[in-house]
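Quick look at what Swiss-Prot annotates:
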- L18, T41, R47, Y203, K207, S238: NADP(+) binding site (BINDING)
- S180: active site, proton donor (ACT_SITE)
- Y203: active site, proton donor (ACT_SITE)
- K207: active site, lowers pKa of active site Tyr (ACT_SITE)
Amino acid sequence: MTSKTRKVAVITGANSNLGLNIAYRLIERQSADVRLTLVVTSRTLPRVREVVELIKKFVATQEDPCSVDFDYLLVDFTNMVSVLNAYYDLNQKYESINYFFVNAAQGVYDGIDWIGAVKQVLSDPLEAVTNPTYRKQLVGVKSKDEMGLVFQANVFGPYYLIQKILPQLSKGKATVVWISSIMADPKHLSLQDIEMIKSDVTYEGSKRVVDLLHLATYKQMKSQGIHQYVVQPGIFTSYSFAKYLNFFTTFGMLFLFYLARLLGSKWHNIDGYKAANAPVYVATLINPHFEHQEVKYGSASSRDGMEYIETTDIDKTGSSDVLAYIEKKKLEWDDKLKDQITNSRIPI
């Protein structure tokens with residue numbers, strides 16, 4: 001009996017709708033002779049257990065699936081000691097890593113401006129559910145590490161971890177996938193405020209930083225045998241705003257999503273499974289020596305819901321500034337984190 005090919009995939013934010021569907025699609029794309037270890041990350045152990053059970057149920061529905069093992073990281077990307085502990089765990093357990101999905105999507109939301117929402121929906125319903133201006137975000141929120149919280153959660157924390165595990169990624173000829181957004185417009189980021197301390201659009205701004213960081217680093221990553229891509233999942237139902245919606249507003253949101261797609265919006269995937277198309281596409285289907293890395297790969301859907309991949313160009317203005325800022329901060333934290341590793345492992 002021949003041994004199975006072992007692969008390791010790390011999925012950050014695996015307990016989200018998108019993260020869970022990335023796991024599903026990644027499993028589907030593996031042949032039966034693969035033994036895939038899924039390393040799911042979350043801030044809490046109960047969420048890890050919940051995700052693992054859901055993935056196990058999915059595997060049970062598949063015909064001739066690959067073998068799937070489970071591991072986990074308890075990591076809070078807004079806590080650099082926690083990030084360092086995650087590195088320590090990965091470094092101790094894995095010689096090579098084949099996939100790394102950066103699905104960090106933290107925001108500092110403060111509800112919905114309902115008057116603004118009604119006005120935008122009435123004046124431009126398609127724009128209202130593509131680039132909403134009525135989501136209220138807090139300004140000036142910092143982490144305990146004194147960084148812009150959303151910047152640290154969505155950009156710097158994951159980047160720092162990736163830099164620490166470069167040997168494992170290189171040995172695994174890994175694909176690194178950064179999840180960006182269709183809302184990552186250059187107007188949402190000031191290069192004088194890269195941590196977005198003064199910004200009221202920190203989520204969108206953080207995804208713009210992701211775009212620029214990718215453009216500034218993918219060639220250097222490729223020189224180490226690591227193929228890095230940036231993708232966006234389009235518009236889909238997520239859990240981040242559920243607490244601000246009731247039954248009627250949720251129904252209204254879904255109605256507008258389907259209406260937008262009917263009117264020709266290719267980005268309204270609605271379903272988390274379709275949203276996960278682009279992340280897994282770049283990780284498993286493309287020829288890394290042919291596909292372009294300087295563009296953003298997007299999950300798209302036709303009017304009747306047929307999924308496909310659409311690429312968009314990325315404005316590279318500011319990419320060198322972003323890299324210089326983040327590299328300087330990385331050196332600062334290398335010094336701060338000396339002798340800071342602790343053990344957070346608990347059996348699942």
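Placed from the backbone N, Cα and C atoms, the Cβ positions cover glycine too.
Residues within less than 8 Å, Cβ to Cβ, of L18 (NADP(+) binding site) and separated from it by at least 6 positions along the same chain comprise N103, A105, I179, P233, F236, S238, G272, A275, A276, P279. When the binding-site residues T41, S238 are scored by other C-beta atoms within 10 Å, T41 scores highest.
According to its DSSP assignment, K207 (NADP(+) binding site) is helical.
In the three-state DSSP assignment, the secondary structure recorded for T41 (NADP(+) binding site) is strand. Looking at T41 (NADP(+) binding site) and S180 (active site, proton donor), their Cα atoms lie 18 Å from each other. Contacts of R47 (NADP(+) binding site) defined by a Cβ separation under 8 A and a same-chain sequence distance of 6+ are given as N15, in order along the sequence. Each residue contributes its Cα atom, and for K207 (NADP(+) binding site) and S180 (active site, proton donor) those atoms are 5 Å apart. Packing around S180 (active site, proton donor) is summarised by its Cβ count: 27 other Cβ atoms lie within 10 angstroms of its Cβ, all protein chains included. When the alpha carbons of S180 (active site, proton donor) and Y203 (NADP(+) binding site) are compared, the span between them is 10 angstrom.
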